[in-house]
């Protein structure tokens, strides 16, 4: 029996390729999209505490770890006949059920891990602070995090796939969608017609609030904002045009003050 099947390998590697292709598109065209950016280049240079080169290298390390975790998980959960899970005909109702379960699992797991990292001062200082060195987020910074937080992040996706009963092929598409959402949440732009703004209240502006000094204890959610609303960590916001061009996210509950 092979250590890994072709479908398992694709389910592991395709989302990583999607990460770099999609984030690379944002990087390639960001100079042409200045009027849609939530922060200026000057703000990024002044506020961010880590270089893009360092972020790039850290993300690669995170992805190597996630590859190892995913391949190991497939190997230990595969059936004796070589399949990752029992064969089932994939119907639309079953697919819808799997997607809902997976999204709820990731949303709940990610919210409470993220929320607790902010509640525990020791964990925040030693595990979560690296991600918040990006006060001005950009597309490929979504997976920039401490290795232990990276492990917890990867486990959320693994649990979602296992608990929903997805096949490697379905997991490949779902994980790729999750990656698209992650990259878009950190892209630092609001492009017209962006489907993530139509499908989710949680988007790049929503998450940008969380990366600002005034919003670090708010807007933790990934897909749905229900946990933020239940626990009182939802911060409303508005988007306004900056005098020097581009957009600015302003907290809507009170007058915004510059960081």
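Just so it is clear, glycine is given a Cβ too, placed from its N, Cα and C backbone atoms.
Note that the coordinates shown come from a computational prediction; the quantities given were computed from them, not determined experimentally.
Looking at the stretches 95-117, 118-140, the one that TrEMBL records under the feature transmembrane segment is 95-117. Looking at 34-54, 55-75, the range tied to transmembrane segment in TrEMBL is 55-75.
Panel annotation: around the transmembrane segment (95-117), residues 123-124, 127-128, 149, 152-153, 155-157, 159-161, 163-166, 170, 174, 178, 220-224, 227-228, 231, 233 of the same chain, lying at least six beyond its termini, place a Cβ under 8 Å from a Cβ of the stretch. Same-chain residues lying 6+ beyond the ends of the transmembrane segment (55-75) with a Cβ under 8 Å from its Cβ atoms: 3-5, 8-9, 11-13, 16, 19, 84, 130, 134, 140-141, 143-145, 147, 150-151, 154-155, 158, 162, 168.
Counted with DSSP, the domain 'Fatty acid hydroxylase' (100-233) comes out as 93 helix, 1 strand, 40 coil.
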